[in-house]
Amino acid sequence: MASSTAANLWVLLGLGIAGVLLAAKRLRRPARPDNGAFIARLELLPPPQPPPPQARHPLTGLCFAIADAFHVTGYITSFGSLEWAKTHDAATQTSLVVSSLVDGGAMCVGKTVIDEMAFSIHGENKHFGTPTNPAAPDRVPGGCSSGSAVAVAAGIVDFSLGIDTIGGVRVPGSYCGVLAFRPSHAVVPNNGVIPVAPSLDAIGWFARDPSVLRRVGHLLLRLPYADIRQPRHFYIADDCFEMSKVHARRLTQVVTKSVEKLFGRQVLGHVNLENYLASRIPSLRNNSNGHGDSKFSSLLALSRAMQFLHKHEFKDQHMEWINSVKPAVDACIVGNLSDDGESTINNSQDARKEVRAALGALLKDDGILVIPTVLGCPPKLNARELSSQDYNVQTSCLTSLASMSGCCQVTVPLGTHDKCPVSVSLIARHGGDRFLLDTIQTIYATIQEQVDALAKSNVSSKQAMSEEAAETAKEKGNIAFKEKQWQKAINFYTEAIKLNNKVATYYSNRAAAFLELASYRQAEADCTSAIDIDPKIVKAYLRRGTAREMLGYYKEAVDDFSHALVLEPMNKTAGVAINRLKKLFP
């Protein structure tokens, strides 16, 4: 009977341990190779270098990854879906852009995770898992080109390719803290890439280094050599920064200081983009859909027009496969594929033409528009806001500018806020890709210098505020001490120490209050802390001497009073105490 009971206890104990381990496993996200960025590793090797005196391949020494929407001969393109992969054959031809990069000297090392059917901008994927954001592991990496952004942010590759329809490169670039470039619409050929919404699709790329971003761009855009053209106008879209959850000054200050340093204050300007678009894009009035009184009615209407085109063209491309295979497609895709009227589609297409003309007229050949890339920090994994309509609509307000106009845009990291990456975006007119790449090459180092300076100034200002608050607490403690409110004084001195623990006076003053309450050990400890900070603080020696005398440590007390007398030979309190102790204990 006893052995049976013991056996049952061991079973219960084992089950309990197993339960704890299982719970811990659920709570702790396991580390994955390559941050879960890749679905397949491969090697596409560049051709041999040409013989001298010909120049080496322009991308020699670089390696890159591609999103799982680009075809590679012999590999199935799964398009972010296992069910898509099961119903499609291996590619018979490699994507033109991938071949161009390999021919240019770069080595392709793998295919990366994208959101299911490249539809979302969150970066989550139920089929292949959500890649871990190296810059903020508890946050989403952003999508649809999540794996490509993660591979660059983690330092696995030098650059990577992604698909940007409604923000699929710009958003993960911001969330992972790397450079991300969406070129002008249709300037990079999309042969061998699965389409999402052709009138919005663009092949974009990520990099950590602006020179790599530019080298890749020059090859893909087939740009001949030309002198760098300096920007003459930077327009800060003030109303767009009002939408950001990160303080506007935190984002714009770095850009404005960098621009002033490099190009002069005269090139800086401000624009209310909402008012500008409202006056230039009449078709948006037909797309307001109840947002006519909103502060951002035109931007919301532009966002809605983009969403209409996105789902309309996505249906044209993929609804036949969805209906025939009947895959378990994510609800965020199926729920967005309801029918819309022909007039809505026509208005959205008109808006696309009008916004391109409007931004072209504003920026011309030498202007840059500055906006926040996203609303703020990346959302936490599985956060409710990811399924929030407000969050998705407001994020789309920002991404719709380049998607709908076809303008080129670059995401520029600006350090961190609340331990998460933040960024701004620079936009140039459609066809201004070389100009934008050259501009980011010129300004990037200065921007990072300003980011570092701002971080240091924030630390300095926080420290100054803490020091000021500590002094205020000390003064309140002094007042309470004079009023013989000993415990209240101790509380204020304790607050001062918490705010700034490097000031000897705070400890010494608290020791004085402890002495009044006969808390001699606490007084002794505080005086020791004060002396450790400032070995010449006379009052701390006097107060520690008093505490030690009351505790019966007479020899140590004499030593403290003697040290005080060495530091301040005319100190009467020390002299009297030494004489008293020597008479009592000769």
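From the backbone N, Cα and C atoms, a Cβ is placed for every residue, glycine too.
A quick note: this is a predicted structure, and the numbers were derived from the prediction, not measured.
What TrEMBL records for 6-24 is transmembrane segment.
For 56-214, the entry in TrEMBL reads domain 'Amidase'.
According to TrEMBL, the feature repeat 'TPR' maps to 470-503 (among others). Over the repeat 'TPR' (470-503), the average per-residue pLDDT in this prediction is 94.
Residues or ranges marked as repeat 'TPR' in TrEMBL: 538-571 (among others). Within the chain carrying the repeat 'TPR' (538-571), a Cβ under 8 angstroms from the stretch's Cβ atoms is held by residues 504, 507-508, 511-512, 514-515, 518, 520-521, 523-524, 527-528, 530-531, 577-578, 581-582, 584-585, all 6 or more beyond its ends.
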Residue counts in helix (H, G, I), strand (E, B) and coil for the repeat 'TPR' (538-571), per DSSP?
28 helix, 0 strand, 6 coil
